[in-house]
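K.L.:
Here Swiss-Prot flags Asp560, Lys654, Asp835 as active site.
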Amino acid sequence: MNALNIGRNDFSEIELAAIPYNILSEHYGDQAAREQLALEHEAYELGRQRFLKMLERQVKAGEFADNAAAKPLVLTLHPQLTKRIDDWKEEQANARGKKPRAYYPIKHGVASELAVSMGAEVLKEKRGVSSEAIALLTIKVVLGNAHRPLKGHNPAVSSQLGKALEDEARFGRIREQEAAYFKKNVADQLDKRVGHVYKKAFMQVVEADMISKGMLGGDNWASWKTDEQMHVGTKLLELLIEGTGLVEMTKNKMADGSDDVTSMQMVQLAPAFVELLSKRAGALAGISPMHQPCVVPPKPWVETVGGGYWSVGRRPLALVRTHSKKALRRYADVHMPEVYKAVNLAQNTPWKVNKKVLAVVNEIVNWKHCPVGDVPAIEREELPPRPDDIDTNEVARKAWRKEAAAVYRKDKARQSRRCRCEFMVAQANKFANHKAIWFPYNMDWRGRVYAVSMFNPQGNDMTKGSLTLAKGKPIGLDGFYWLKIHGANCAGVDKVPFPERIKFIEENEGNILASAADPLNNTWWTQQDSPFCFLAFCFEYAGVKHHGLNYNCSLPLAFDGSCSGIQHFSAMLRDSIGGRAVNLLPSDTVQDIYKIVADKVNEVLHQHAVNGSQTVVEQIADKETGEFHEKVTLGESVLAAQWLQYGVTRKVTKRSVMTLAYGSKESLVRQQVLEDTIQPAIDNGEGLMFTHPNQAAGYMAKLIWDAVTVTVVAAVEAMNWLKSAAKLLAAEVKDKKTKEVLRKRCAIHWVTPDGFPVWQEYRKQNQARLKLVFLGQANVKMTYNTGKDSEIDAHKQESGIAPNFVHSQDGSHLRMTVVHANEVYGIDSFALIHDSSGTIPADAGNLFKAVRETMVKTYEDNDVIADFYDQFADQLHESQLDKMPAVPAKGDLNLRDILESDFAFA
């Protein structure tokens with residue numbers, strides 16, 4: 001075995017950095033300085049361990065080619081091997097005499113005996129696996145085995161290569177010959193299978209079913225013989241060595257240094273490639289830190305690189321998360337003081353671990369039957385009992401396998417969630433005894449603010465419940481009022497007016513106090529919408545009841561936007577209809593746009609159940625065989641009945657409505673309904689009515705799409721206008737006669753109300769995605785890199801503009817809220833999650849006002865649509881001006897009404 005020799009990274013320059021140590025020591029003392037730099041050092045060491053663990057796991061699984069260390073090498077070698085395979089095919093095609101055993105399988109994807117019997121004309125139609133795919137397959141298989149001592153023998157590698165190519169030829173024909181069927185019925189299910197064995201077993205069942213229906217020409221696969229597989233694999237190894245020099249054949253050495261002629265040849269990476277991969281793996285391991293919270297205030301941001309953490313490190317933080325250093329440099333000279341101030345205020349907020357909640361978390365996450373549904377179980381759910389006649393009863397076997405598959409699918413997600421859960425709990429325990437911790441923040445390229453460490457206040461309910469702000473104030477009467485509102489919100493009682501929320505808390509005071517007194521036995525709190533955040537509320541509520549209104553409370557209370565994307569579109573367009581649906585207007589009741597859409601959907605469902613179309617059953621003839629198979633298209637009446645039986649609530653429509661403002665299309669809504677509602681319902685036994693899941697999802701997607709687009713007409717108009725602008729800017733303008741380029745494709749640029757510049761610049765990759773049936777996918781070079789920027793991707797520019805534009809606006813609003821709340825109301829503790837602003841109860845009333853005041857100021861002082869137009873209009877060619885739709889008209893929404901709306905941010 002020719003293993004990688006990955007040197008140990010020395011991160012001592014982080015822990016021993018003199019300048020940051022002196023600064024920290026002067027301000028926070030020697031111990032804090034040492035601990036902070038030790039944490040930053042540990043972040044790199046933990047990152048290194050994580051990288052190497054992933055590398056080891058991929059090596060053991062034979063997936064080394066998918067590791068970041070190997071991907072550039074695959075990209076480099078792929079065109080070289082592709083050319084060598086093409087050359088060999090041409091050489092053999094032109095050679096006289098009998099073809100080698102490997103020729104027909106490699107050239108045409110069929111066994112030699114079958115190829116000879118086919119005849120030349122028929123054989124021409126058998127294109128086989130492409131040289132590009134064969135090259136990728138060969139590199140992935142060989143790299144996957146070169147590090148595994150029991151798999152690196154030449155015969156073993158050759159055999160695996162031959163089998164892999166046969167599988168690609170055999171099952172790849174399904175994708176090629178029956179593309180529509182594969183995409184609709186096979187692709188997603190194949191991706192859900194983990195491991196080659198399960199994927200192949202699934203595809204064998206698919207193949208048999210298709211052949212029984214007269215598809216694939218009705219022909220069974222003519223298997224390659226074992227020796228033929230060996231010939232194919234050996235030839236591919238030879239071509240790999242000739243074309244790339246990636247591997248070499250070696251034998252074990254005798255004591256005198258000579259080859260052991262009795263041993264089998266080994267396939268080993270050539271020394272030059274071992275060194276190359278080792279260096280790259282070592283470098284990557286050294287720049288993959290697992291960032292953690294700080295035990296001193298983070299380093300303030302004063303420029304675009306180097307804030308947050310105090311040591312420089314191998315990979316200093318950037319203020320803006322961009323795809324390249326070149327993109328980051330654009331921000332270097334930008335004057336945006338409010339942006340810097342907002343991010344610094346966010347990360348200068350001290351937090352601490354909520355020890356009371358953590359004590360409960362430490363116990364409850366290890367219960368076999370945890371009452372909190374979102375806590376991933378310790379063990380896999382038990383498989384359904386196997387039928388006694390499973391070996392002889394085909395119907396019973398299929399039913400059992402379907403139920404078992406659902407268990408395995410859920411368990412895959414459980415394992416991933418469990419790992420994240422255990423990491424978060426470990427981090428909370430690690431920092432539990434610190435009086436204060438801080439979280440460095442930066443932004444994505446649209447200006448949305450993110451915490452950097454994996455453990456942070458923007459996490460799930462358990463993580464948020466396990467953290468609280470470090471600086472509190474006496475809660476007072478007003479703060480106690482907002483604490484009650486927060487408690488009701490955490491319980492899911494957030495779609496009713498404030499008095500009803502207060503009433504819910506007061507009526508359940510006994511349950512709240514009992515939960516606080518003994519949460520492990522009094523588990524009423526686990527039934528609430530956000531159980532851990534609600535438990536944190538219970539402890540604080542009990543504290544106020546015990547100590548009175550002078551109780552020092554630091555629990556963060558959040559004011560969330562009501563479908564913020566549509567709120568921003570409605571405000572910028574003064575749309576009173578959409579604005580009312582998302583609570584921008586004063587009202588005695590809470591407007592729930594998700595329920596509004598659900599109600600409209602239910603109206604149509606009841607109509608369709610009575611007057612809808614009927615199911616159609618067609619006999620479809622196979623184009624090649626002429627055989628018929630049945631196609632069932634469920635009618636509206638049947639689909640409506642299924643959904644009425646299941647029940648369409650706001651939960652079904654929420655994600656689809658929420659993402660409309662972020663550019664989702666009907667096809668995405670269909671996928672969301674399938675993933676969020678139908679598949680989970682089928683898995684837990686509540687979705688048995690969905691006999692045709694894809695049809696049910698498509699039907700519901702159309703109903704939701706139709707309902708939401710008539711509810712927020714102005715938002716849809718704005719999104720379409722933005723797409724038109726992006727499409728024109730991304731278009732290349734040529735002279736019709738001379739074909740001279742009059743205007744190149746342009747990226748899009750705009751500036752948010754608080755001065756943050758946004759560049760949307762999606763470019764086409766000089767690569768293509770090559771996907772194998774079983775061995776995954778990879779980017780492969782289509783052209784050699786010239787060092788110049790690639791062409792603007794017009795499709796991505798158009799589809800991305802609506803979500804990116806509105807995300808930039810809510811990011812700006814959040815930052816402006818932070819600065820305004822600090823400057824006007826003196827608030828200095830912030831809990832921020834995109835469209836949610838929070839602070840301690842004593843300051844909550846002022847933040848309630850601040851978030852509304854900045855929303856009004858944003859759109860009173862800025863016509864963001866007109867400003868956007870002004871920033872790109874000069875870039876349009878004169879021939880495009882008449883193609884640009886007029887700027888959307890404004891409605892009659894009075895922005896000042898937002899100040900009086902209780903529920904706009906609540």
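Every residue gets a Cβ built from N, Cα and C, even glycine.
What's the neighbourhood like for these features in this structure?
P.N.:
Every protein chain considered, the tally of other Cβ atoms within 10 Å of the Cβ of Asp560 (active site) stands at 17.
Taking Cβ-Cβ distances under 8 Å and a sequence separation of 6 or more, the neighbours of Lys654 (active site) in its chain are Tyr594. Following the DSSP three-state reduction, the secondary structure of Lys654 (active site) is helix.
Under the three-state DSSP scheme, Asp835 (active site) falls in the coil class.
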K.L.:
For Asp835 (active site), which residues of its chain lie six or more apart in sequence with Cβ-Cβ distance below 8 Å?
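P.N.:
Listed in sequence order, they are Asp560, Gly561, Ser564, Asp810, Leu814.
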K.L.:
Three states by DSSP: which one describes Asp560 (active site)?
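P.N.:
SS state of Asp560 (active site) = strand.
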